[in-house]
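Listed in TrEMBL:
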| type | residues | note |
| --- | --- | --- |
| ACT_SITE | 7 | active site, nucleophile |
| ACT_SITE | 9 | active site, proton donor/acceptor |
| BINDING | 7-9, 23, 42-47, 50, 76, 114-118, 145 | substrate binding site |
| BINDING | 7, 9, 169, 170 | Mg(2+) binding site |
Ligand code: G16
Ligand code: MG
């Protein structure tokens, strides 16, 4: 194995709670009420698509022009940026920092495949930017997860064949993207029918030894 590609939210850190707070605030300002269960459907989904889902859910999709929608999304992002600016290394999920260290010591390249345009900013707040050899720019992609494009692009940027890479995800759409791109898929807390090559219950189980073992077993 030559490279490991990480999803951000739900694998490296838990930004979903901040996305939720910011979306809830925005939705309420236009009379829509969302709860945490609804938020599950926004995981891994890009910013504009998330807004569309919220407007549809509130029956208000036809009420806003494209320009107004961009403004709403921007408003949410400003709110969200204020929340994530306060993140520190304490917000890194259990075991992830050690895992990054092991990968670096083993000479494995490391990439980020997140739908978030705030990815670089979050890695900086968490003080782990220096581990990453590459970050896929989600603004340059034609299609989001579950399309394979984001993980295929990560492999290309890391100079590796997909089969020489692993991808790590917590969302079903993300596992579908990894599998379709032909990387070895690792699912964190995903349902079994998401069909990851290796399923772990928590990020604490991620170690270079066990990843390599499972990858070799798959053959
Ligand atoms: C993340 C979150 C999504 C969010 C998306 C875009 O995806 O899971 O809820 O909508 O990023 O974020 P932003 O508004 O910061 O561009 P991932 O791929 O890191 O799980
Ligand atoms: Mg995720």
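Here the Cβ of each residue, glycine as well, is placed from N, Cα and C on the backbone.
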Other CB atoms within 10 A, centred on residue 23 (substrate binding site): 23
Cα separation, residue 44 (substrate binding site) to residue 9 (active site, proton donor/acceptor) (Å, whole number): 8
Entries of 7, 114, 117, 170 (recorded positions) sitting next to ligand 1, with Cβ under 6 Å as the cut-off: 7, 114, 117
Chain-mates of 7, 9, 169, 170 with C-beta within 8 Å of site centroid, Mg(2+): 6, 8, 10, 11, 43, 44, 114, 168, 171, 174, 188
By Cα-Cα distance, the member of recorded positions 7, 23, 44 nearest residue 169 (Mg(2+) binding site): 7
Distance [Cα-Cα, Å, rounded] between residue 23 (substrate binding site) and residue 7 (active site, nucleophile): 21
Same chain, 6+ residues apart, C-beta under 8 Å of the C-beta of residue 117 (substrate binding site), given in sequence order: 47, 138, 139
Distance-selected binding-site residues near ligand 2 (C-beta under 6 Å), from 23, 47, 114, 117, 170: 170
Distance from residue 7 (active site, nucleophile) back to residue 170 (Mg(2+) binding site), taken between C-alpha atoms, in Å: 8
Site with most surrounding Cβ atoms, counting all protein chains shown within 10 Å, from the recorded positions 9, 169: 169
Inter-residue C-alpha distance, residue 114 (substrate binding site) and the residue listed as 'active site, nucleophile' (nearest angstrom): 5
Local Cβ density at residue 114 (substrate binding site) - other Cβ atoms counted within 10 Å: 25
